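Some notes on the structure that comes next.
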Amino acid sequence: MAMSAAPLRSMLFIPANRTKLFGKAVKCGADGVVFDLEDAVPAAERASARAEVRELIGSVSASDPLIFVRINEVHTLAAMQDLAAVAIPGLAGVLIPKVESSKDVVIVDQMLTWLEESEGVRQGTVKIVPILETAAGMRSAFEIAIASDRTAYMGGLGVKGGDVERSIGYRWSATGEETLHIRSRILVDLRAAKVPNPMSGLWSDTTDLDGLEAFAQQNRSLGYEAMQAIHPTHVPIINRVFSTTPEEYENDLRLIETVRSAAAAGSGAIVFDGHMVDEAMAARAKFRVEQYRRQSGSESTPQLGDGNELNT
């Protein structure tokens, strides 16, 4: 079973050789930051970039965004060097590019287990985020997701001109119809695998913020809980889309209480704001309440007991 993971709404990518941009990530409100050691850094600069990232990881505070690192492809020396350099206290997780089978995840899981022991880090602290960028990887999403209890923040991609587009051969559009099936099917696999905090891929256009918001809204409607970002201006929009509003929170509390009262009176379903609701809908509302309270830092969470009772 997957381990719990800190709730995130946004994850901003930064080239690993430009750690000075971390301040901008903090300022824009990113929940997580990915230092990219793969595509964003020339091979000749990787050693120095690893040193930069390692130093930054060692200096972060609890109030800073969670730190992730995208390593190089698993079956390369560079990937092993990446892990050895950054798997230290303070690292939240690693993103594995171009994952095609569960074996890729198992290799990284074993490496992290050894490195955590060596660095005195609690076992399982560092999460694994497999990136599905090929048809083979997407075809095996469920098997990849269950390969490690560390798996979190996984999702379906579909960026314009990216590896997924090349692998499948679709023609990208701003409305996303051509990737809708991919994103939906992968999300079903992730839910079946109980992967925490499923996260959709990024929006590459830095100027079309309306398009970004529409894409983010579509992903949230599908069931994703977060989204990757490629530019600081994207983060506030993503955070807003994937946040439960205070009004939604209060409405969910009312729904839970309505169902609880109905159950106590011997009724399984009741009208709430003009719609029939029941225990299943109350359970979904409870999930959103828990999500809201985790994001807002509250520890008090209402729970539906065996008798649908609301405990606060």
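Along the chain as shown, the residues are counted starting at 1.
Cβ from N, Cα, C; glycine included.
According to TrEMBL, the protein has these features:
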type	residues	note
BINDING	R70, E133	substrate binding site
COMPBIAS	294-312	compositional bias 'Polar residues'
DOMAIN	9-232	domain 'HpcH/HpaI aldolase/citrate lyase'
REGION	293-312	region 'Disordered'
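Other Cβ atoms within 10 Å of the Cβ of E133 (substrate binding site), summed over all protein chains shown, number 21. Neighbour count (other Cβ atoms within 10 Å of the Cβ, all protein chains): 22 for R70 (substrate binding site). On the 0 to 100 pLDDT scale, the domain 'HpcH/HpaI aldolase/citrate lyase' (9-232) averages 95 in this prediction.
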